[in-house]
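To start, the structure under review is shown below, and the notes come after it.
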Amino acid sequence: MSESASEGSAAAAAEPTVITVGQGNGTGGPELGYGVVVGNGLLARLPELVGAQAERVLVIHPRALRATGDVVREDLEKAGYQAVTAEIPDAEEGKHIQVAAFCWQVLGQNDFTRTDAVVAVGGGAVTDLAGFVAATWLRGIRVVHMPTTLLGMVDAAVGGKTGINTAEGKNLVGSFHQPAGVLADLDTLATLPRNELVAGLAEVVKCGFIADERILEIIEENPEAAQTPESAELRELIERAIRVKASVVGQDVREAGLRESLNYGHTLGHAIEHAERYQWRHGAAVSVGMIFAAELARSLGRLSDGDADRHREVLTSLGLPVSYRDDRWNQLLEGIRRDKKNRGETLRFVLLSGIGKPATVEIPDPSILFATYQEIAEPASPTISL
Ligand SMILES: NC(=O)c1ccc[n+]([C@@H]2O[C@H](COP(=O)([O-])OP(=O)(O)OC[C@H]3O[C@@H](n4cnc5c(N)ncnc54)[C@H](O)[C@@H]3O)[C@@H](O)[C@H]2O)c1
């Protein structure tokens, strides 16, 4: 569930918006009830979230955000904390056990106790790593996330999933550890490369299809504004997507069932990421995955032509990919078979029966998947014709 500090249109308001994760439904458990603050210039709010009990704070940031990490540290020092920084490698290079070990070393050398805190400044890779470090140090200390990518704001920083990669695959080691709070400072998006911003929008679109049609309408009305960091439209999209995630994770803290809807487009998406050796952005792969899911639902007679076509229109308007090379089916099927939603040999997909109506559906006959692949396939290389 969610709430806003400001009344009326959040997009028009200069005041920060506070969205509470897991409050009010009675099933969240004691670890929920934290706020996700969305707005501009939010640094001043950090001490409030770090809390009065902490004396020491470790700020974990990637190389690319050294200047931001330093500002955060200085601000914490001014507020009276003993603050140290740990600079980690960018992106997936940071989600490594040796990087976690380096952070544990910094915590140990600076005598961090159970009441001290970690602050993550960065994209989803940093919030995943820093969350894992906080979850494991002294069996769990406070963590505050300051996501600096769109994906981090609407997805990775909300919901308490933390993790690192191993040689065997991505996110295989991790834990659930809810943050004490999340500060999504929209100012940080100004330096985010455009392809990262657009990739993050795929998760926003996903929230539109599974739960909030207004998200789709905002993009349809002005796709350019949706991609502009300082626009009121993007702020409203971010807030709406966070509300969708907050509502779902508040009702399903440890991924027992309902959270599967957040996996819309991810079954084929993950298979594409794997087939591409993670050279595709996650959001781009999920974009194609949503087209695949829409075509599959259409073939099964679950989704109308209009709703299925809308997927292609919205994602194309943002410049996200809607097709994939036609010579990779066996690799993709292998990836689909590895999906965590499957039960034994039975393949399961999140499909829509309308906008805002997701359900996990068993696919008894995989041949329909190959037929659906033809709907998204494009020639792997240009055909030479005489
Ligand atoms: N825990 C979850 O629930 C969850 C959900 C979704 C994704 N994830 C994880 O999130 C990760 C992907 O996150 P991401 O897409 O944010 O990518 P990322 O964290 O890898 O960041 C992408 C790149 O942008 C740089 N960067 C970050 N913020 C910037 C800024 N403001 N300006 C300029 N550069 C900036 C980073 O240093 C990095 O090089 C994956 O590891 C994925 O597994 C976790």
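Cβ from N, Cα, C; glycine included.
Bear in mind that the values here come from a model prediction, so they are computed numbers and not experimental data.
Annotated NAD(+) binding site per TrEMBL: 90-95, 124-128, 148-149, K161, K170, 188-191, in sequence order. Look at E93 (NAD(+) binding site): DSSP puts it in a helix. Within the same chain, residues at least six positions away from E93 (NAD(+) binding site) with a Cβ under 8 Å of its Cβ are V99.
Annotation source TrEMBL lists Zn(2+) binding site at E203, H266, H282. Reduced to three states, the DSSP call for H282 (Zn(2+) binding site) is helix. Residue density at H282 (Zn(2+) binding site): 22 other Cβ atoms are found within 10 A of its Cβ, drawing on all protein chains shown.
Taken from TrEMBL, the feature domain '3-dehydroquinate synthase N-terminal' applies to 87-197. Model confidence over the domain '3-dehydroquinate synthase N-terminal' (87-197) is summarised by a mean pLDDT of 97.
Residues or ranges marked as domain '3-dehydroquinate synthase C-terminal' in TrEMBL: 200-342. The residues of the domain '3-dehydroquinate synthase C-terminal' (200-342), classed with DSSP into helix (H, G, I), strand (E, B) and coil, number 100 helix, 2 strand, 41 coil.
Here the domain '3-dehydroquinate synthase N-terminal' (87-197) is broken down by DSSP into helix, strand and coil counts: 50 helix, 33 strand, 28 coil. Comparing local CB density within 10 A for the binding-site residues D90, E203, the maximum falls on E203. Within its own chain, T188 (NAD(+) binding site) has T68, M146, P147, T148 as residues 6 or more apart in sequence whose C-beta sits under 8 angstroms from its own. Here the binding-site residues are T127, T149, T191; the one with the fewest Cβ atoms within 10 Å of its Cβ is T191. When the binding-site residues D90, T127, T149, T191 are ranked by how far their Cα is from the Cα of E203 (Zn(2+) binding site), T149 comes first. Sequence-ordered, the extra residues of this chain that approach the Zn(2+) site, with Cβ no more than 8 Å from the Cβ center of E203, H266, H282, are L151, D155, A202, K206, G265, G269, G283, A285, V286, G289.
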